[in-house]
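Student: One structure, as structure tokens, below. Some questions next.
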Amino acid sequence: MGYMCDFCGEQRSMVYCRSDAACLCLSCDRSVHSANALSKRHSRTLVCERCNAQPATVRCVEERVSLCQNCDWSGHNNSNNNNSSSSSTSPQQHKRQTISCYSGCPSSSELASIWSFCLDLAGQSICEQELGMMNIDDDGPTDKKTCNEDKKDVLVGSSSIPETSSVPQGKSSSAKDVGMCEDDFYGNLGMDEVDMALENYEELFGTAFNPSEELFGHGGIDSLFHKHQTAPEGGNSVQPAGSNDSFMSSKTEPIICFASKPAHSNISFSGVTGESSAGDFQECGASSSIQLSGEPPWYPPTLQDNNACSHSVTRNNAVMRYKEKKKARKFDKRVRYASRKARADVRRRVKGRFVKAGEAYDYDPLTPTRSY
């Protein structure tokens with residue numbers, strides 16, 4: 001183990017991990033011991049500033065160095081030690097502090113609270129200077145709060161719609177309350193920062209927005225299902241109210257076309273009869289258009305529905321017949337084979353079992369029993 005970090009080999013080693021027996025810099029210490037829960041339990045402390053190979057146990061206040069047990073003993077208990085501080089006190093009388101160990105991934109502020117000598121910036125040792133200059137991604141609650149406030153300042157109220165904008169200012173303030181980011185996000189999408197609530201529809205498009213009239217006309221939804229009326233002789237057939245004249249604006253997507261006659265579309269409600277020509281259809285400027293015509297979507301039951309209903313009725317009738325037969329059953333005691341029973345009644349037995357002819361027996365049904 002040397003002066004540099006055992007993991008990256010670029011930064012100066014600052015802490016010593018007893019479980020891994022490695023000297024690490026603060027950055028590598030955080031990245032290595034934040035991998036899983038087991039590594040977070042490793043106990044670490046400062047590395048000795050004399051040998052750079054053992055964990056430091058004490059801190060010499062006079063010399064401002066962290067020492068391991070061996071370096072502390074050799075430096076303060078050896079009478080011939082020439083590395084004493086500038087003060088008049090002997091090395092044996094130097095004030096020493098015990099260095100605490102830590103585990104997990106503490107922030108720089110938490111490390112400063114564990115090692116209080118890190119707060120004394122005057123005359124710092126190399127170890128303390130490295131600790132002060134090291135930049136760690138702190139996870140403390142104060143840093144999180146500051147970070148969240150900074151992000152909030154970027155998102156909220158940074159680029160609301162100015163009052164001098166060409167977009168009319170309506171009664172809606174939802175877009176202003178939410179706020180938008182001052183970046184090229186909307187520019188990349190080709191979108192303008194306008195109020196998406198469509199409450200300023202009249203000022204934006206110069207016309208009133210009435211969804212029911214735009215979609216269905218003045219007749220409402222019933223106008224979709226009007227069939228052709230009989231036209232006078234010599235005249236053309238009259239189309240219902242929901243004809244090709246009542247279409248939505250081509251700027252709104254997806255475009256829904258309501259036609260009075262079956263057209264070339266993916267969804268079509270058939271049932272309207274009459275002559276049709278290529279001129280009766282109007283193409284819509286959209287890739288996916290839905291055209292509704294003629295009959296409403298609620299149809300009378302089909303043949304398949306009738307078959308399912310009849311099958312259910314047949315099954316219910318069969319169950320009823322089965323229950324009636326079950327009630328009429330008789331559970332009387334019957335003799336299945338009368339001839340076998342007649343022969344068994346006259347055979348001789350021994351302890352209730354049949355015996356062959358000529359063998360000893362203790363019961364003969366043909367012999368009259370005596371009553372003593």
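Just so you know, glycine gets a Cβ as well, placed from its N, Cα and C.
Relevant sequence annotations retrieved from Swiss-Prot are reproduced here:
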type: BINDING; residues: CYS5, CYS8, CYS28, HIS33; note: Zn(2+) 1 binding site
type: BINDING; residues: CYS48, CYS51, CYS71, HIS76; note: Zn(2+) 2 binding site
type: DOMAIN; residues: 315-357; note: domain 'CCT'
type: ZN_FING; residues: 5-47; note: zinc finger
type: ZN_FING; residues: 48-99; note: zinc finger
Student: Among CYS5, CYS8, CYS28, HIS33, these being the binding-site residues, pick the one whose CA is nearest to that of HIS76 (Zn(2+) 2 binding site).
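Tutor: Comparing Cα positions, the closest of these binding-site residues turns out to be CYS5.
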Student: Nearest by CA distance to CYS48 (Zn(2+) 2 binding site): which of the binding-site residues is it, out of CYS5, CYS8, CYS28, HIS33?
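Tutor: For CYS48 (Zn(2+) 2 binding site), the spatially nearest of the binding-site residues is CYS5.
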Student: How big is the gap, in Å, between the Cα of CYS28 (Zn(2+) 1 binding site) and that of CYS71 (Zn(2+) 2 binding site), rounded to a whole number?
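Tutor: On Cα coordinates alone, these residues lie 26 Å apart.
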Student: Please list, in sequence order, every residue of the chain apart from CYS48, CYS51, CYS71, HIS76 whose Cβ lies within 8 Å of the Cβ centroid of the Zn(2+) 2 site.
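Tutor: Once CYS48, CYS51, CYS71, HIS76 are set aside, the remaining close residues are GLU49, ARG50, GLN54, ALA56, VAL65, LEU67, CYS68, GLN69, ASN70, ASP72, TRP73, SER74, GLY75.
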Student: Mind looking up the mean pLDDT for the zinc finger (48-99) in the predicted model?
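Tutor: Averaging the confidence scores along the zinc finger (48-99) gives 75.
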Student: Between CYS8 (Zn(2+) 1 binding site) and CYS51 (Zn(2+) 2 binding site), find the distance joining the two CA atoms and give it rounded to the nearest Å.
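Tutor: On Cα coordinates alone, these residues lie 20 Å apart.
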Student: Which of the listed binding-site residues (CYS5, CYS48, CYS51, CYS71) has the least company, meaning the fewest other Cβ atoms within 10 Å of its Cβ?
Tutor: CYS51
Student: Measuring Cα to Cα, how far is CYS51 (Zn(2+) 2 binding site) from HIS33 (Zn(2+) 1 binding site) in Å?
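Tutor: Computed Cα spacing between CYS51 (Zn(2+) 2 binding site) and HIS33 (Zn(2+) 1 binding site) is 24 Å.
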Student: Per DSSP, CYS51 (Zn(2+) 2 binding site) is which: helix, strand or coil?
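Tutor: SS state of CYS51 (Zn(2+) 2 binding site) = coil.
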Student: Near HIS33 (Zn(2+) 1 binding site), which residues of its own chain have a C-beta under 8 A away, given they sit six or more steps off in sequence?
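Tutor: Long-range Cβ contacts: CYS17, SER39, LYS40, HIS42, ARG44, GLY104, CYS105.
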Student: Based on Cβ atoms within 10 Å, give me the single least packed residue among the binding-site residues CYS8, CYS28.
Tutor: CYS8
